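Novice: Pasting in a structure now, in structure tokens, and then I'll have a few things to ask.
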Amino acid sequence: MSGIVTETQFHVLAVDDSLIDRKLIERLLKTSSYQVTAVDSGVKALEYLGLLDDEDTSTDSNPVSFTKNHHEVEVNLIITDYCMPGITGYDLLRKIKESTSLKDIPVVIMSSENVPSRINSCLEQGAEEFFLKPVRQSDVNKLRPHLMRTSGKREEDHQPNNVVNKRKPMEECMSPDRTRTRYNDDLEL
């Protein structure tokens with residue numbers, strides 16, 4: 001019965017070189033009942049995720065190096081600043097999405113600059129969201145659907161017979177014979 005009472009607390013890795021922004025996002029996430037680990041650089045994020053040792057090789061030929069330094073606490077989402085010295089948020093996003101073991105973790109990018117080409121490149125590279133700073137509580141509220149989706153996906157991976165989300169994708173549901181006929185064009189008065 002205790003499994004029903006205790007709700008799973010999602011763990012978010014927050015990455016920002018600005019102390020003020022890092023504290024703000026940490027506070028907003030904790031207010032929303034997330035467990036938060038905050039680091040001040042892309043290098044420290046890679047180290048926390050266990051990807052730093054694999055920085056020299058771009059393929060995942062040695063998965064042991066990923067788990068060697070990986071912390072026991074599972075990370076459910078990563079939220080990172082775009083502009084940081086050393087490894088940028090964009091570089092961090094690319095490294096996570098290239099990793100076979102971490103590519104399914106949702107990544108959200110934050111920036112104080114509203115640059116459409118930057119936003120598009122992050123979304124094309126696999127970012128779930130792009131938030132403009134200062135991040136607000138309404139932005140943080142947009143994170144839960146991404147967490148729920150990946151949480152369900154991981155449960156399915158561990159339990160192959162699980163029937164959690166067996167809906168057909170939208171393309172499979174839409175068939176040409178199920179489209180609505182437009183009657184307004186042929187009306188004669």
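Glycine too: its Cβ is placed from the backbone N, Cα and C atoms.
Unlike curated entries, TrEMBL annotations are predicted automatically.
Annotations per TrEMBL:
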COMPBIAS  168-189  compositional bias 'Basic and acidic residues'
DOMAIN    11-148  domain 'Response regulatory'
MOD_RES   Asp81  4-aspartylphosphate
REGION    147-189  region 'Disordered'
Novice: DSSP on the domain 'Response regulatory' (11-148): how many residues come out helix, how many strand, how many coil?
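Specialist: Counts, helix then strand then coil: 58 helix, 24 strand, 56 coil.
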Novice: Test of understanding: give the count of other CB atoms lying within 10 angstroms of the CB of Asp81 (4-aspartylphosphate).
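Specialist: If we count other Cβ atoms within 10 Å of Asp81 (4-aspartylphosphate), we arrive at 24.
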